[in-house]
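Visitor: Input: one structure, supplied below.
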Amino acid sequence: MFRLSPTVFTIGNRGAFTLNLGVGYRRSFHSRIPSPSSWFKNRQFHNAFSQFKRLYWQRPGLAGRFQRIHWDSLTKPAIFTGAFLLAAPPILDFTINKSTWLKRNPQAIVYAIIGLNTGVFFAWQLPRFSLILRKYGLLVNDRFSSVWSIIGSGFSHQNFTHLFFNMFCLQSFGSSLAVVLGPAGFLTAYLGSIVASSFTSLAFRTIARQGVSGSLGASGGIFGLLGVFSYLFPNASVAFFFLPIPGGAWYAFLGSIVLNAAGFFTKIHFDYAAHIGGSLIGIYYGWKAKKDIAKRRRQRSIYF
């Protein structure tokens, strides 16, 4: 996902992709920590605990920092995310698997997603759609307008390069995964990764007390699919734009997590929290898919 500053709300603004400045680091207070020798000389551990509590938890700056977090702003996103992750698998399994055509052509789901993302990209270029896209296609912390933006932002791109890169990766991993997981399983993993990555992004920005900013893009779902693929096929050869990555899919996936974690300490303009959230739930979907595949194999062997 791209992280966007508030200027993104004006379509065509040249500063739409400028970095949103975060909260600066506060002055370190580790110099105030009592030395270990003073604790052992005192030998009154209840006094040491009281001193620790006074220096850390009861400090106005630290306690106030947690008290000033707008926890209530995460209530609706958390409820929506939990409900979606629980309800989506049985609903999609019941509806999607009814289509015999999709069962024979599971890759059609991938191309439908690419087409939908492309359509939303062109809609961003038309001012008449700006209001509805701001509400449902942009994930904004602290000014949460609709819970459906948790999903809609994962199908939303304003920049062609952003769209092309995400759709290229989706086609690369999605085509094979759609066959392995089936249309319902693939759609469950993809949508679940988008929802989980969006909530992770909102939670991180809220807890870190960052300024109001927006994010959009399918990369949370893409990293989720990468997690599923690397779990199911850890030794598969993968390439980054035709450049082979040594070690196989699993090492490439672990490397992506390290790079995203390192991204928190840079000023590069991506939503790293969303990437990590999508990656982690992708591992869960990969683990679950592996169990389901093994279960189906056992059932077939018993049947024959």
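For all residues, glycine too, the Cβ spot is worked out from N, Cα and C.
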Visitor: Checking feature assignment: transmembrane segment per TrEMBL, candidates 73-95, 211-233. Which range matches?
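Guide: My reading of TrEMBL: the transmembrane segment range is 211-233.
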Visitor: Mind checking how the domain 'Peptidase S54 rhomboid' (146-288) divides into helix, strand and coil residues in DSSP?
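Guide: Computed counts for the domain 'Peptidase S54 rhomboid' (146-288) are 101 helix, 10 strand, 32 coil.
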Visitor: Grab the same-chain neighbours of the transmembrane segment (177-199) for me: Cβ-Cβ under 8 Å, and only residues 6 or more beyond its ends, written as numbers and ranges.
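Guide: Same-chain residues near the transmembrane segment (177-199) but 6 or more away: 1, 77-78, 80-81, 84-85, 88-89, 92-93, 95-97, 99, 102-103, 106-110, 113, 139, 149-151, 153-154, 218-221, 223-225, 227-229, 232, 274-275, 277-278, 280-282, 285, 289, 292-293.
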Visitor: May I ask for the residues of the chain that lie six or more residues beyond the transmembrane segment (268-287) and have a Cβ under 8 Å from a Cβ within it?
Guide: 1-3, 17-19, 188-189, 192-194, 196-201, 203-205, 215, 217, 219-232, 253, 256-257, 260-261
